[in-house]
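These notes concern the structure reproduced below.
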Amino acid sequence: MNQKEKAAAINRQLSGKTAEEVLHWFLSGNAGETAFSTSLGAEDQVITHMISESRLPVRIFTLDTGRLFPETYDLIDLTSKKYGINLEIMFPDATEVEDMVRSKGINLFYESVENRKLCCQLRKIHPLKRAFAGLDAWICGLRREQSVTRKDLQLVEWDEGNGLIKVNPLIDWTEKMVWDYIRNHHVPYNKLHDQGFPSIGCQPCTRAVMQGEDVRAGRWWWENPESRECGLHKRD
Ligand code: SF4
């Protein structure tokens, strides 16, 4: 059985399980070394809470691109303290970022899709690859209804680009389910969510959305919807 088939088999095995059960299965080492990559978004805060409740040991890491909102830094601090977790913060390589900014400018991402993807590559993908060293599986908080680019996501799938099993425990959750959980369990969340930001990334590439707009309409809003992914969740 190759890795893609193995992921598909796990997907079938865990289909219908609750998010907590899926997390417990992975954090018990059934698929090897598993870590959680959090963006501190609402879904990821739900997962952090569930992991903390499970008391199972797990590496939790996040990416500091250097362009985050002040509110996101506040949430990193609050979350680490509330749950007593050692949140690993991955930074981009300073020389790579310096070279990019010198040749293309500090706000290069508004100039072209290529520039934007280069910035995401250096500030997000490269640090993420370093964080993935030694892992067999990674957990993230993607949901199908978040975006046109996420409609065919699976609960468990093979992430060919990163050579890892990818687990999306909240795959079928609705936005309402996420927020009900946050309120019922007093989960800390980014204050920008109360100001019209359903999806929060880097400050220059995120804006508030209007009521009724797609939840990811405020991310890289100047690009076509089909290209609005940073590359972290690239699929076959
Ligand atoms: Fe750069 Fe924007 Fe991507 Fe952040 S989201 S890494 S600022 S292009």
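Note that the numbers count up from 1, one per residue, in the order the chain is shown.
Every residue, even glycine, has its Cβ placed from backbone N, Cα and C.
Predicted, not measured: the structure shown is a model, and the values here were computed from it.
Positions annotated as domain 'Phosphoadenosine phosphosulphate reductase' by TrEMBL: 35-208. Annotated [4Fe-4S] cluster binding site per TrEMBL: Cys119, Cys120, Cys202, Cys205, in sequence order. Summarising the annotation, TrEMBL assigns active site, nucleophile to Cys230.
DSSP gives Cys119 ([4Fe-4S] cluster binding site) a helix state. DSSP assigns Cys205 ([4Fe-4S] cluster binding site) to a helix. Per-residue pLDDT, averaged across the domain 'Phosphoadenosine phosphosulphate reductase' (35-208), gives 94.
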